[in-house]
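Straight from TrEMBL, the features:
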- A:108-115, A:191-195, A:249-252: GTP binding site (BINDING)
- A:270-283: domain 'SRP54-type proteins GTP-binding' (DOMAIN)
């Protein structure tokens, strides 16, 4: 049931090829089959997959792959490049009208996350661009949708315009724009009701709002878990309204998000933002390369590196490495380390970004309990400086004191001490392995290389 | 008698049967026109059944979100059936595919889509699912249904997280004339459930429908919270919740399978509610969910009106999908005969 990434999928084919020393056209065909499957499992629309595989296949049969000593790796490279290119450049700009206010319309199916995204977008406009947005509650159909936007407005301390649910959304939009003009608010974000792309009456209503408000941007909000139907939805909204961009929501889930590729392929409109969590600041720019990795199930190393770079102090890291090698790693260092890793975000999210993490034994279903980490921290903080430096001196009496001081039990203190000892041993082994590796000439290669 | 005729006869018995079949046919109009038109088109273009034919059929099924593995299995079975019947006529496929569709879903046994309702005792139904699938709306529609059946219904506003969620459920409470048990936004959902079960018992309610906040299945803390909610209900009534219904959006792709698996592990899901089937999405993933996890679909949402939530029936679903294709064919045959 766990979906395999492209790299895993290609492993089998590569093993067969390895013995032959030469890649034939039929080998490429077999590899393309795996590419096709990987994309289909990621929910990329089958028509888009067909076109895409054709393109990749042409490149692969050519020099690049067949002459390569590492054909598997080459295929992955070609696929990733093509995917990234297809999804377009990074474009998280929001247009500005010549004369304020700039109007942004949020449209999409029911439950895609329009209202939440409206709040997030307003937050972003204020925080990053120093703008003053007005939120407009134009969803008069879903019960309490207006209330939802009002609550978000309160949380953000931003004005929300609403006329209740008895006034037509077209009138609401008209009056909202007037209000923004009067009060010198420079952005108007209209939260429209979710609707089926085949509902003519409601699609007409959107057209009317569009005609009177001349929006600079019409964002189609799409659930990243959407399956094959994403093309129909995107195509239809685009055709009827002329969307200017896409916001992909709920990407903090574990979906591969192939819908992103489908939508891009049928509308050729840029994906501008992605929703990465329930908090109001969880709206991020779209990175095509990261999305390509994700669709292919290759882990999100780039995000991880970026996070590490912004959060880890390089000098400290060097020092740590030295300590690991000489085994002089103490509880102080451990605490430091823990703090740095935690500042990157929730641990299970970080683990997920490692390529192949879902394949690694013991890591597949690892559940990181943040509370547990808190307890570990409490235990260490209850140690005296000399205990932290030399854990060996912690005897029964000290353990009791530490347990009491941290509000944990002696068993928990014992467990941590044991784990710490094990960790030190493992570090020793690892640094020994690295030394050996250096002599032999680098790390062992991955099987598909 | 052909499989279609059998189904058709089966559904043209009572008036009620006909009405619900009509709802299916109506709700699935878009699904069907897309899907059936494609099958029809395919059949019209091929003179005989060959590899290429099956390849195209495979694509149609994948396009319905059936999922690759299930599609492969379905195609294999179709190939075998075609061989067994010794037919080379693409027309025959139409019927065989409907039959196989139902076969895979039912796996030979009659699948119960009825809810586990307690006689003269409180029945607790817990609703779970990811964000934006339509949990609250489904609860509203079900409340209406139970009310019509003369049951005393209470709603528990367990989504204390999303802005406006409690208000949304309250609107449904007003519309259907049903009490809503709630606390303020941000309070502990388990505490709300405790209150709700107590209130339902003391007020002598028949049905308690419990709303929960939408959560992505990979958020461990939120899944733990859901388990706690379920435990609190269990502690108050030993064999409750009597149903745990996972609400799934029909537009969802392969991720729905992971959703079903994770939610099942956490809360022992007993059935699926497939919503938004009135769009162009086909919700084919329910076939894989049924096949791999054994969880049956209990309701489907076929529209926005209060009574557009219908008990799921695999035969009706399949019939709704292929009915038009079948009827067109029948008309054409009759005309040809005259």
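Backbone N, Cα and C atoms are what each Cβ position is placed from, and that goes for glycine too.
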Binding-site residues in contact range of chain B, given that the Cβ distance is under 8 Å, out of A:108, A:111, A:114, A:192, A:195, A:251: A:111
Beyond the flanks of the domain 'SRP54-type proteins GTP-binding' (A:270-283) by 6 or more, those residues with Cβ under 8 Å of it: 87-89, 91-94, 113, 116-117, 119-121, 123-124, 127, 152, 155-156, 219, 224, 245-252, 260, 263-264, 291
Secondary structure content of the domain 'SRP54-type proteins GTP-binding' (A:270-283), with strand meaning DSSP E or B: 0 helix, 6 strand, 8 coil
DSSP state at residue A:192 (GTP binding site), helix/strand/coil: strand
Other CB atoms within 10 A, centred on residue A:108 (GTP binding site): 26
Least surrounded among the binding-site residues, given as A:114, A:195, when other CB atoms within 10 Å are counted: A:195
Winner by Cβ contact number (other Cβ atoms within 10 Å) across the binding-site residues A:111, A:192, A:251: A:192
Secondary-structure category, per DSSP, in which residue A:114 (GTP binding site) falls: helix
